[in-house]
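Notes for the one structure printed next.
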Amino acid sequence: MARDRREGLEIKVMNPPTNNATAQTSPTNLRRRERTSFEEFRPFKLWFPWLVPAIVVANIVLFAISMFINNCPKNSAKCSARFLGRFAFQPMKENPLLGPSSSTLEKMGALDVSRVVHKHQVWRLFTCIWLHAGVFHVLANMLSLIFIGIRLEQEFGFVRIGLLYMISGFGGSLLSSLFNRAGISVGASGALFGLLGAMLSELLTNWTIYANKFAALLTLIFIIAINLAVGILPHVDNFAHLGGFASGFLLGFVFLIRPQYGYFNQRNNPRGYAAPSAKSKHKPYQYVLWITSLVFLIAGYTVGLVVLLRGTDLNKHCSWCHYLSCIPTSLWSCKSQNVYCESSQIGQQMNLTCMANGRTEMYKLSGDNPSQIQQLCSQLCS
């Protein structure tokens, strides 16, 4: 800027316009600025996921401990992968999942309904979700847990996801105890299905904040349907899946509720700014779902425990419920056969005969061990 004192006039010298203003208003730069402002405004905190990896490690360690306690070469005449020493697996005919015997799992806390009912060992409803029947079983469940659980823990934190995991696992064990009284049950499948159910309820209760709502909903329903369909196969405890899924679905309305965006916007308004209308933290339907789900959870768990401890077998009162667990086809049968053997012992030699198939075999015993005899009988009749 220069001044001409002779005329008493002020002359302003302006630089010619550049392309900066045009560049700033270009569509590309506008999108970049919108992206930057969105990244600076993060209403939902991202958590560092450590609980889900810790659960994975704990499950693998407990499986290794169960194999150490099982000690197949000492308790069984035949073992798979005997070169692993006491970590060798039970014979494939006895346990095709490459794992320990049922007696070892029962000793470590597997779900045995008779012990829960008659000896009041309710703690087995929790301990069974930390045990697995074999290598294939633990790998499948842990890979699923990593895929599902880490994202949920990042978004909602370890406290809510940890409670959801444990309570859903308990719900799966509870429903399994009410309908599946044959044999023992182990695995984290109920807790995993609880996470899937929670993802579905989280999508529904936070419906307004999702962009591709119906695409996300259809994808999640497809994944859930495929996993539930696997439960109709024999030797899969689908009641644990259903119980875990129902528990997780209700818990999602309790633990995974998000505040609406308008609530965060009004909190970030400058001082003195008068908002046209104050936004509540949650929408009315979110409060209704929260209260309803909590009531259903408390009532369902209370009634289920009372029925279980009274020893009531719900299968006798539900003629079609067994189809939820297994659907018979020409390829497999859903009937579980009881294993019985006749035995005669001379010194350390025992002759076992399976009553189901008539097979007979001589075994050398290391001592008077009823669980070892039962394992040999199961192997002979398989």
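The backbone N, Cα and C atoms fix where each Cβ goes, and this holds for glycine too.
Per TrEMBL, the features are as follows:
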TRANSMEM  47-69  transmembrane segment
DOMAIN    120-256  domain 'Peptidase S54 rhomboid'
TRANSMEM  129-150  transmembrane segment
TRANSMEM  157-176  transmembrane segment
TRANSMEM  182-202  transmembrane segment
TRANSMEM  214-233  transmembrane segment
TRANSMEM  239-257  transmembrane segment
TRANSMEM  287-309  transmembrane segment
CB contact flag for the transmembrane segment (239-257) and the transmembrane segment (157-176), at least three pairs under 8 A: yes
Surrounding residues of the transmembrane segment (47-69) on its own chain - C-beta under 8 Å, 6+ positions past either end: 86-87, 89, 99-100, 104-105, 107-108, 130-132, 135, 138, 141-142, 145-146, 149-150, 153-158, 161-162, 165, 188
Cβ-Cβ under 8 Å with the transmembrane segment (287-309): same-chain residues at least 6 beyond its ends: 113, 116-117, 120, 122, 167, 170-171, 174-175, 177-178, 201, 205, 246-247, 250-251, 253-254, 257
